[in-house]
Amino acid sequence: MLSWYILETTNSAWYVGVLNFLIFIPNTFSFIFGKKIDSHPKKNLLVILEWAQLLAVLGIILGMSLREIHASLSLTIILTCVFLASMVGLNTYTVQDALVPKLIPTKDLAKAEMYMSVAYNGTDYVFTAVSGFLLSVISYIPLLFIDIVTFLSSILFFRRIEFQEIIEQTNERTDFLSGLRFIWHNKVVLAITLGGAIANFLFAGLNVYQLLIAREVGDSTFYGLLVSASAIGTLVGTTLGANLVLQRLSVGKAFWLATALFGTGIGFTALFRNSFSLLLIWFLSCLFLGVTHVTQKPILQTEIPDEHLGEVFSAFYTVTIPTLALGSLIFGFLANFLSWRLFVVLFAFSFILVSLLYFSNKKLRQYDIS
């Protein structure tokens, strides 16, 4: 929703790139907080992080309210609050990823990730998709108040988690690079980290080009349809699709195959000019994206020792998320020269290479947690 607001306000794909850059660049510093996450109760951390993000959204609402009074000040406040929200919330997923293995048996991690993907990926996609439709009826600010309600709901649910975490006290000196060293020495985690960094660089471009596709084909309503196709496809992939696939394939094999098929499907959209066909292929491709969501995290959670989950996941996000920021700037600039059809072909070719990276690791391609 914010991406469409920025595009509408500035009429510039470059500013959309700047917005996404500010969202993702704080994750560069994620590795600094890994040790702190491991040494504090994660339930309490989740509640604090949700409150902080709620306050940042209120700041964005303030910025939008000033649009007619002082446009440049409005844009500055919005971008600043987006950066602060991301800076505060950069550890939310890390805390969740470190907490889940303490609550769930190893054999159930894939199923748990299925539900988690629906919860924090699916609802995000659906909200973005529904926003496209609602923008033709109501303004941006009421939609952000809906966002505030979701943060309040999260706070209430997190507070109800019945889990007393025992934190082991240690006198070890803080080592900010320990998570990065673990990734470097564990070839399975290293392969997933490198693949994730490349994939996120490309996803940054996809975020920009989805807006341009929607503007070429129609308006914010078609943008809602396009993101709906992604949302529904991903949700079906994380539930029904993942269930069917994991009954027949190991987690590792499903992971690399789904990666290749997702990228290939997005590439095929370059062959279609009909909007319905484009939406259908987008939906089918995202079925495989949903499968990758369910299969990637359990592999990492199984491969990383429980006592180091926070620091390694922080390091993982330090490497993989900043490429979203870099890609946002680069593709925000390239969008002036590179058509969306050429981009999706590049996207497909790159994802096939990422899947081959996963396949090249024997342990990863045969990985099984059952």
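Cβ atoms are placed via backbone N, Cα and C, with glycine included.
The domain 'Major facilitator superfamily (MFS) profile' annotation in TrEMBL covers 188-370. The transmembrane segment annotation in TrEMBL covers 12-33, 45-66, 72-93, 140-158, 188-209, 221-242, 254-272, 278-295, 315-334, 340-359.
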Per the Cβ under 8 Å criterion, with at least 6 residues separating them from its ends, the transmembrane segment (72-93) contacts 2, 6, 9-10, 15, 18-19, 22-27, 29-30, 33, 37, 45-46, 49-50, 52-53, 56-57, 59-60, 62-66, 120, 313-314, 317, 321
In the predicted model, what is the mean pLDDT computed over the domain 'Major facilitator superfamily (MFS) profile' (188-370)? 89
